[in-house]
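Enquirer: Sharing a structure, written as structure tokens. Questions coming.
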Amino acid sequence: MTRFRLTVEFDGRPFMGWQRQAHGPSVQQAIEEAITAVTGERAVIHAAGRTDARVHGRAMTAHADIAKPITPFRLKEALNARLRPAPVAILACEPVAGDWHARFSCVGRRYVYRIVNRRAPLTFDAGLAWQVAADLDDQAMHAAAQCLVGRHDFTTFRSAHCQAESPVKTLDRLDVRRSGELIEIEAAARSFLHHQVRSMVGCLALVGRGRWTAADLADALAAADRARLGLNAPPDGLYFMEAVYPAETGETAR
């Protein structure tokens, strides 16, 4: 039995999310069915994160245990062939230690949220970004975002369906940058609560529109009350960018 680490890219638009669902297609199901077709084995894959419906992945990390003798290259090529025409691609495949785990060995996760700030309808970016027609002050958004960095109770920014034991998380970075009409919001932490990134982005958009101040955002955080959330951004603009592991950071897994 060999444990393979998979790096997965996917367009979230056709899927109900990463995790298997009873009521619709998922990225996990697509990959597991491809593994079964290639190896003849019933596969269960584990991932660094579980994205919602219509959320995308640039480099989601997952792992699968496979008994059939197969090289990483042949496995990657065979899976990509089986996955077509689904918008899912295996970017990399490598053997790892049997105790390595895509979720539990992970020490950092990074997301990027894309906003297209223009009035004209989206053509190429439809379903791949959040269109905001009102002018956004990206500098005000970035300045306000810094009050969220650090260790806090993020109850205000947590979905009512979140299964995490504690709402306390440490946000390592929250940066807002603009290039023309594109605004990208980058968030990095060891882990996130359900809907945390989208909730933070929605409130930052209120700051960018001048409807909230930085103080309003800080007050919403301090309230630790989901009812104080100003706006939850849609899933379309959210991308899981990478998962970080101890060998890549020098940190010890815990």
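All positions are counted from 1 along the displayed chain.
Quick reminder: no glycine exception, Cβ is built from N, Cα and C everywhere.
According to Swiss-Prot, the feature active site, nucleophile maps to Asp52, an assignment based on sequence analysis. Marked as substrate binding site by Swiss-Prot on the basis of sequence analysis: Tyr111.
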Enquirer: Given a separation of at least six residues and a C-beta threshold under 8 Å, show me what packs close to Asp52 (active site, nucleophile) in the same chain.
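Expert: Same-chain residues close to Asp52 (active site, nucleophile) (Cβ under 8 Å, separated by 6 or more) are Gly17, His195, Pro235, Leu238.
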Enquirer: Same chain only, sequence gap of 6 or more: which residues have a CB within under 8 Å of the CB of the residue listed as 'substrate binding site'?
Expert: Glu186, Ala187, Ala188, Phe192, Val197, Leu238, Tyr239, Phe240, Met241
